[in-house]
Amino acid sequence: MLRTHDAGTLRASDIGKGVTLAGWVGHRRDHGGVAFIDLRDASGLAQVVIRDEILESSGAHDLRNEYCIRVTGVVEARPEGNANPNLPTGEIEVAITELEVLNPSAPLPFQIDEHVSVGEDARLKYRYLDLRRPHQHEALVLRSHVTHAIREVLDRHNFYDIETPTLTRSTPEGARDFLVPARLAPGCWYALPQSPQLFKQLLMVSGMERYYQIARCYRDEDFRADRQPEFTQLDVEMSFVDQDDVIALAEETMAACWKIIGVDMPTPLPRITWHEAMDRYGSDKPDLRFGNEITEVTDFFANTAFRVFQAPYVGAVVMPGGASLPRRQFDAWQEWARTRGAKGLAYITISDEGVPEGPVAKNISEEEKAGIAEKVGAKPGDAIFFAAGSKTSSQELLGAARLEIGRRCELFDPSDWAFCWVVDAPLFKPTKEAEASGDVAVGTGAWTAVHHAFTSPTPDCLDTFDTDPGSALAYAYDFVVNGNEVGGGSIRIHRRDVQERVFNVMGIGPEEAQEKFGFLLDAFKFGAPPHGGIAFGLDRLVMLLGGFETIRDVIAFPKTGNGYDPLTAAPAPITPAQRREAGVDAKPKEPSGGQTSNAEAYKSTT
């Protein structure tokens, strides 16, 4: 063995023991013939003392930060007054008798120090150095503890950890696929899975009944600040269950995760319907750490002469103390709204005497001015922000304003936790609305799925969802923590006729459905059981548990917000030879039957 002990595990009880440690030089300090080194390994750090007789003979004078070294010595108590109560090893030091440099270090691109600010590009380019910083190291340790806790719960409930394919066929699931050329079938392509959705349903048909997987998923989306093209999710599926069964298991699993950080999750968690969440909070993932709910005032302004409020929906949210804001800050709110696609954010201020003032107040009636503060719950000194237009977009704008007000006015304690389930979301939404929000609409119909095409309608909607898609509800449930959607799932469709009806609403006809999803539809013919499941975003879960700023902090080797990897410089061009060999430009053969067949393409090569 290269070492006998881990540096961070030494305590006062080890005083007098001979030890051999190995790790990195964190800091070095020289004090008149004595050198002190903070020796760091994965367990923490210990102070190493190199005295005169060893200092000259060991080459310790040449040591620099991040040299990899091995030392042998004796654990001693630190001199009186030199103990460090902020360090687990702060009562001891190791007086060394031998020192060996295992590997020197080149000059560092940045200091391995929590207190030094480092740009993200540099951190990701030298990620192996960034991970030596304790905070980043702890992120991956926490991630390991979380997956261990998850497995313990699911193992207790007799779940099977089963892998599903990484190379599969491209199927429309709501995002763009990453495609991989199939060299042995020129012109044909694999797709990396957006989720294990279809395979886990097939596992339920196969009789496995209880499946889970910590699965890698891939989505070729337009990159956003806190998204990754590849990510990890906890994927769970169960047969012969209803919504309550899945939620109960999910709560037990999540409670085990929060227990890691010393938080007792109160179960059962509250449930709120999707429509209630939108009406009260302007979000389908509401932050329940504070109130300050939005208020609909459409009826209040039903007879208004103010043209802006002559809209299908008018809503309001109060900013406590907002009347004292200078005009430039109200102008900044307008710009804030425009960055979210709105024309602006109308507002009224309530003076200390309770009189409505501001641009909107000049355009509404005396009766409306007299009643608006009471209607929305505003007090003297408050400001009221309004949104008017389509219901969904207006509610979303007010919901975003509510969150911004909560942060600016410190309406909640950032260390608090608020959990809930959002249930009974719409099964479908208009395709134009989905595309306008940047989503990929599956199918060519006027309606597309809100969650995915395999979500079952609620039992009450089973007979009417295709004749009245706008009123149909999904048998689905989302796990929300502090305004973050951490997990989501649903009871699945298990009957071929129901699945075909859903496809039809989405504009996926019988031939297309059979071509793209025939393997699933055919499986449903063989006694597919009722089943449901859930998936949790593991990256986001660990980020929240550890209080990290982005999911990149909890991924070992993440990519930037635009999908670039500074460490390996990926993605990168391929050579012309690779392109030819992979068949990137090849066209698939047309079989005699007319329909393109992967199977026939592969048969022609064997």
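Glycine is treated like the rest: Cβ placed from N, Cα and C.
Marked as L-aspartate binding site by Swiss-Prot on the basis of sequence analysis: E173, R219, H451, R492. R219 (L-aspartate binding site) carries neither a helix nor a strand DSSP state and counts as coil. The Cβ neighbour count for R219 (L-aspartate binding site), using a 10 Å radius over every protein chain in view, is 20.
There are 25 other CB atoms within 10 A of the CB of L538 (ATP binding site), with all protein chains counted. What Swiss-Prot records for R219, D220, E221, Q228, E485, G537, L538, D539, R540 is ATP binding site, and it gives sequence analysis as the kind of evidence.
Break the compositional bias 'Low complexity' (568-577) down by DSSP state and the numbers are 2 helix, 1 strand, 7 coil. Residues or ranges marked as compositional bias 'Low complexity' by Swiss-Prot: 568-577.
Sequence annotations record features per position, and here Swiss-Prot assigns compositional bias 'Basic and acidic residues' to 578-590.
Residues annotated as compositional bias 'Polar residues' in Swiss-Prot: 593-606.
Under the heading region 'Aspartate', Swiss-Prot lists 197-200. Remote same-chain partners of the region 'Aspartate' (197-200), defined as residues 6 or more beyond its termini with a Cβ less than 8 Å from a stretch Cβ, comprise 164-165, 168, 171, 173, 211, 213, 235, 237, 452, 454, 517, 519-520, 533.
Residues or ranges marked as region 'Disordered' by Swiss-Prot: 568-606.
DSSP assigns H31 (site 'Important for tRNA non-discrimination') to a strand. Here H31 (site 'Important for tRNA non-discrimination') comes close to no residue that lies at least six apart in sequence on the same chain with a C-beta under 8 angstroms from its C-beta. Here Swiss-Prot flags H31 (among others) as site 'Important for tRNA non-discrimination', drawing on sequence analysis.
Sequence annotations record features per position, and here Swiss-Prot assigns site 'Important for tRNA non-discrimination' to G81 (among others). In sequence order, the list of same-chain residues 6 or more apart from G81 (site 'Important for tRNA non-discrimination') whose Cβ falls under 8 Å from its Cβ is empty.
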Between R219 (L-aspartate binding site) and L538 (ATP binding site), the C-alpha gap once rounded to whole angstrom: 15
Cβ atoms near R540 (ATP binding site) (within 10 Å, other residues, all chains): 22
Where the record names R219, D220, E221, Q228, E485, G537, L538, D539, R540 as binding ATP, the maximum Cα to Cα distance in Å: 20
Integer Å distance between the CA atoms belonging to R492 (L-aspartate binding site) and L538 (ATP binding site): 22
Candidate with sparsest Cβ neighbourhood (10 Å radius) among H451, R492, the listed binding-site residues: H451
DSSP helix/strand/coil residue counts for the region 'Aspartate' (197-200): 4 helix, 0 strand, 0 coil
Cβ neighbours of E221 (ATP binding site) where a neighbour is any other Cβ within 10 Å: 17
Pairwise CA distance, H451 (L-aspartate binding site) versus E485 (ATP binding site), rounded so that it is a whole Å: 13
Whole-number Å value for how far E485 (ATP binding site) lies from R492 (L-aspartate binding site) (Cα to Cα): 20
